[in-house]
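Swiss-Prot lists H83, H182 with the feature heme b b562 binding site. Sequence annotations record features per position, and here Swiss-Prot assigns heme b b566 binding site to H97, H196. The feature ubiquinone binding site is assigned by Swiss-Prot to H201, with similarity to another entry given as support. Taken from Swiss-Prot, the feature transmembrane segment covers 33-53, 77-98, 113-133, 178-198, 226-246, 288-308, 320-340, 347-367, and the record attributes it to similarity to another entry.
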Amino acid sequence: MTNIRKSHPLLKIVNNAFIDLPAPSNISSWWNFGSLLGICLIMQIMTGLFLAMHYTSDTTTAFSSVAHICRDVNYGWIIRYLHANGASMFFICLYIHVGRGLYYGSYAFLETWNIGIILLFTVMATAFMGYVLPWGQMSFWGATVITNLLSAIPYVGTTLVEWIWGGFSVDKATLTRFFAFHFILPFIIAALAGVHLLFLHETGSNNPTGISSDMDKIPFHPYYTIKDILGALLLILILLLLVLFSPDLLGDPDNYTPANPLNTPPHIKPEWYFLFAYAILRSIPNKLGGVLALILSILILAFIPLLHTSKQRSMMFRPISQCLFWTLVADLLTLTWIGGQPVEPPFIMIGQVASILSFSLILILMPVAGIIENHILKW
């Protein structure tokens, strides 16, 4: 008799994805972040659901309802901070996951990569709308500034912004719709993640060498299930350290002031995980140019498979490309720092140089390095 996990219509899917899945024997800890993202998503949906039970999406009561959650609801404070800091962990895992894909050439799986890019955009949209919900100063002004960017679109821009706002400014209608979208999008993300996994399992996982591992596969369970559990425990440990010891470390103090349309905060900035894109936006003096650069800073990932010139898939044996990759990482960290600084010298110039460098690295230097490395192989 066949094992139920191999014959049952539902269990068969789980079995083929998480138990009997043939996996490369040499995938490193950089491959842990996919499962960690799944854990982050489940955690965000669960904590978010409990927060939604007590939250009110009305401009007059939103801020008070968040205070009420933290003060009066049983364990409301920990649920709120798990959700807020869980978003930070989510983005750390996301950026590492994308970085891993870049380094080891996982972008050669085109469908998986492109759905990943759609996922990244969707998660960013969800996080942005979630930041608006507590209705603090930075929530309100962040929503105003970022939605206003759409007014840079010629001809239809202003109409589009007012349509998104549901009025002539960010107000009750905006908050209500943002809450609705923030609630529904994680489920769309979960569905997309399922498709992401479906396409990945069509080809099988990549591995650090970038060479086919078909001749050396091991079952996912127990080898990688135990490895993923260890990763999950470390993730939860870091998250709990953050939540229990320094819950406001990554937040903005301005968001503890209720939203006031008549008082603009001195420095409007998004959450830390958007600062690199915000720095690129600010480093271009033209509004439409800035918006295009902002979108392109993420959308450039879609062009990476087209820009791959090397005969090798992975960067494991390509020292020049490795050097450029880590320069890109350092550059994005520099942009993250600049995004949190006021718009004044020397930060303006640093931001502009770092922005130009980030695009140059991806569009020019890395493809050229690939060609050079191909020639070095012939020597």
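A Cβ is built for glycine as well, from the same backbone N, Cα and C atoms used for every other residue.
Annotated features, which come from Swiss-Prot, shown on the structure.
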residue: H83; record: heme b b562 binding site; DSSP class: helix
residue: H97; record: heme b b566 binding site; DSSP class: helix
residue: H182; record: heme b b562 binding site; DSSP class: helix
residue: H196; record: heme b b566 binding site; DSSP class: helix
residue: H201; record: ubiquinone binding site; DSSP class: helix
Residues near H97 (heme b b566 binding site) in space but at least six apart in sequence (CB under 8 A): F33, G34, L37, G116
Intrachain residues whose Cβ lies under 8 Å of the transmembrane segment (113-133), provided they are six or more past its termini: 55, 57, 62, 66, 87, 90-91, 94, 97-98, 101, 106-107, 139-140, 142-143, 146, 174-175, 178-179, 181-182, 185-186, 188-189, 192-193, 195-196, 199, 270-271, 273-274, 298-299, 301-302, 304-305
Pairwise CA distance, the residue listed as 'ubiquinone binding site' versus H182 (heme b b562 binding site), rounded so that it is a whole Å: 29
Long-range Cβ neighbours of the transmembrane segment (320-340) (under 8 Å; 6 or more residues past either end): 99, 102-103, 269-270, 272, 274-280, 282-283, 310, 347, 350-351, 354-355, 357-358, 361-362, 365-366, 369-370, 372-373
Candidate ranges 33-53, 77-98, 226-246, 347-367 - greatest C-beta contact count to the transmembrane segment (178-198) (under 8 angstroms): 33-53
Cβ-Cβ neighbours of H182 (heme b b562 binding site) (radius 10 Å): 21
Neighbouring C-beta atoms (10 Å sphere around the C-beta of H196 (heme b b566 binding site)): 21
Fewest other Cβ within 10 angstroms of its own Cβ, chosen from the binding-site residues H83, H201: H201
